[in-house]
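Everything below concerns the one structure shown next.
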Amino acid sequence: MATIGRRAYAEMFGPTVGDRLRLADTDLMVEVEADYTLRAGGYGEEVKFGGGKTIRDGMAQSQRTNAEGAMDTVMTNALILDHWGIVKADIGLKGGRIAAIGKAGNPDVQPGVDIIIGPGTEIISCEGMIVTAGGIDSHIHFICPQQIEEALTSGVTTMMGGGTGPATGTFATTCTPGPWNIARMLQAADAFPMNLGFLGKGNASLPAALHEQVNAGVIGLKLHEDWGTTPAAISNCLDVAEETDVQVAIHSDTLNESGFVENTIAATKGRSLCAFHTEGAGGGHAPDILRVVGEANFLPSSTNPTMPYTVNTLDEHVDMLMVCHHLDPAIAEDLAFAESRIRKETIAAEDILHDLGAISMMSSDSQAMGRVGEVIIRTWQNAHKMKQQRGKLPGDTERHDNFRVKRYIAKYTINPAIAHGISHEVGSIEVGKFADLVVWKPAFFGIKPSIILKGGFIAMAAMGDPNASIPTPQPVHYRPMFGAFGGATARGSLTFVSQAGLAAGIKERFGLAKTLSAVKNIRGVRKQHMIHNNYLPKMEIDAQTYLVRADGQLLTCEPASSLPMTQRYFLF
């Protein structure tokens with residue numbers, strides 16, 4: 001039997017079982033756990049497109065029509081990196097969704113084929129490439145529409161939050177308040193190759209105005225201290241959410257004016273909600289908002305400005321906070337408010353709580369202290385920093401960091417999808433889900449994707465000079481592709497809405513072009529449902545020293561003086 005060397009095989013068909021890859025310039029290594037292309041019975045039946053390759057008529061390309069089961073697109077020899085595994089496979093796309101994960105080819109002449117290539121099948125060659133689910137950013141201030149392209153080029157394909165543009169309320173809070181504003185934002189969503197969902201304003205002590213917003217289509221309600229997150233508002237907002245199966249996101253009371261963290265916890269009465277700022281630099285009860293990490297009904301997330309903790313983190317935060325929350329540095333009380341939120345001890349503990357799987361999600365807080373294009377970068381920077389400072393996690397080996405990688409990718413993919421009731425559509429690479437997929441060169445993983453697919457069609461890519469004779473000459477930069485134009489935009493993306501809004505006929509009333517998908521199964525979600533990130537420690541925060549303990553363990557780490565995934569990738 002003919003043989004081929006492991007390196008030569010990897011260079012031709014991509015890595016297989018036992019091969020390892022470094023993620024960008026981090027210290028994180030992944031090892032391929034399984035190879036679904038071996039369903040043919042072993043090596044030798046791989047498919048590959050190109051001159052002299054196998055995807056040709058009568059070879060790995062069958063005669064079958066798309067109606068007879070041939071795929072619209074096949075992504076060949078991809079290394080899938082997802083919460084459920086790190087595996088080599090071919091990925092079949094049909095009708096804008098993931099139709100199959102396995103072995104592609106021509107079943108008439110090849111064994112083990114479960115993904116049919118036909119004359120009507122496009123090929124995206126993923127040999128040597130990593131494929132992930134599109135990222136989900138659940139903390140968006142919709143301050144400017146240009147955020148959407150910035151997020152898409154970073155590998156984010158779903159954005160959830162609130163706002164109406166550069167209004168003062170939107171600078172500070174993620175709320176799209178009232179049915180008229182909600183309708184305008186839903187109509188605007190039709191223009192973008194991005195899945196979008198909007199939060200209404202949840203700060204009210206009576207339910208009528210909240211029901212009005214849910215009926216207009218918001219996927220959840222945001223409680224923000226700048227609008228008054230009182231115990232009465234918390235309880236009322238959760239009452240409405242329980243009745244309508246939408247999420248509640250909370251930014252709690254930094255100043256402890258209307259109650260302390262204990263009062264906020266009590267006001268929830270055990271009902272589920274998302275703690276958008278689980279560390280206080282972003283906002284929330286000072287100094288002990290981290291207490292909610294130990295509560296089973298709080299789904300904790302971080303925003304990216306404090307992630308990971310570096311030598312520059314503290315210095316940049318005061319000015320950011322003054323701008324975002326409409327504060328005046330000439331007013332002593334405003335300055336004290338800002339400084340009360342910025343504590344190096346709790347910021348350092350946040351890094352470790354992510355590594356322990358106690359904080360479940362990552363998000364941006366776009367243009368409101370966070371950077372919309374850096375959710376993915378900062379997630380992996382923290383994973384790298386924690387490996388350097390804390391060593392291997394249980395389940396990892398000297399050869400690989402597979403468990404740590406699965407824990408961290410879940411923070412911006414499947415877990416926000418579960419928390420916001422959209423995991424039936426997006427959040428992972430699984431059969432039946434919307435084909436929002438991101439293709440990366442391993443050397444650029446987490447930083448600069450090569451191709452971003454929306455609904456199974458390429459919407460954005462790193463593309464060279466359009467006047468060049470080939471696609472690769474400089475200047476190479478991100479350019480919208482055909483999936484970002486015309487009717488393809490509406491077909492390739494979803495707008496998430498409430499069940500009540502969908503039932504009320506908002507698609508027709510507002511004249512919406514995109515497919516609407518209702519959020520669901522939200523109110524039963526608990527911390528235990530956060531994949532790889534469901535650790536529920538007993539939290540203690542010293543009110544004088546701000547030192548943080550989880551199950552008695554002191555959580556402290558040094559700030560990073562340098563990080564991977566930074567300057568060397570952004571020379572141009």
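Positions of Cβ are set from backbone N, Cα and C atoms, glycine also.
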Per Swiss-Prot, member of K222, K433, K441 binding Ni(2+) 1 alongside H139, H141, D365: K222
Matching residue for the Ni(2+) 2 site, where Swiss-Prot names K222, H277 - out of H251, H317, H325: H251
Among H224, H251, H277, H325, which are recorded as recorded positions, the nearest neighbour of D365 (Ni(2+) 1 binding site) by Cα: H277
Integer Å distance between the CA atoms belonging to H224 (substrate binding site) and H277 (Ni(2+) 2 binding site): 10
Ni(2+) 1 site, defined by H139, H141, K222, D365: further same-chain residues with Cβ within 8 Å of the Cβ centre: I140, G161, G162, T173, T174, A249, H251, F276, T303, S363, S364, S366, A368, G370
H141 (Ni(2+) 1 binding site) to H224 (substrate binding site) - Cα separation in whole Å: 12
Lowest local Cβ density (other Cβ within 10 Å) among recorded positions: H139, H141, K222, H251, H325: H325
Close binding-site residues near H325 (active site, proton donor), where close means Cα within 10 Å, chosen from H139, K222, H251: none
Environment of K222, H251, H277, the listed Ni(2+) 2 site - residues of the same chain whose CB lies within 8 A of the CB centroid: H139, T173, T174, L223, H224, E225, T229, A249, I250, S252, F276, G282, G283, G284
Cα distance (Å, whole number) from K222 (Ni(2+) 1 binding site) to H251 (Ni(2+) 2 binding site): 8
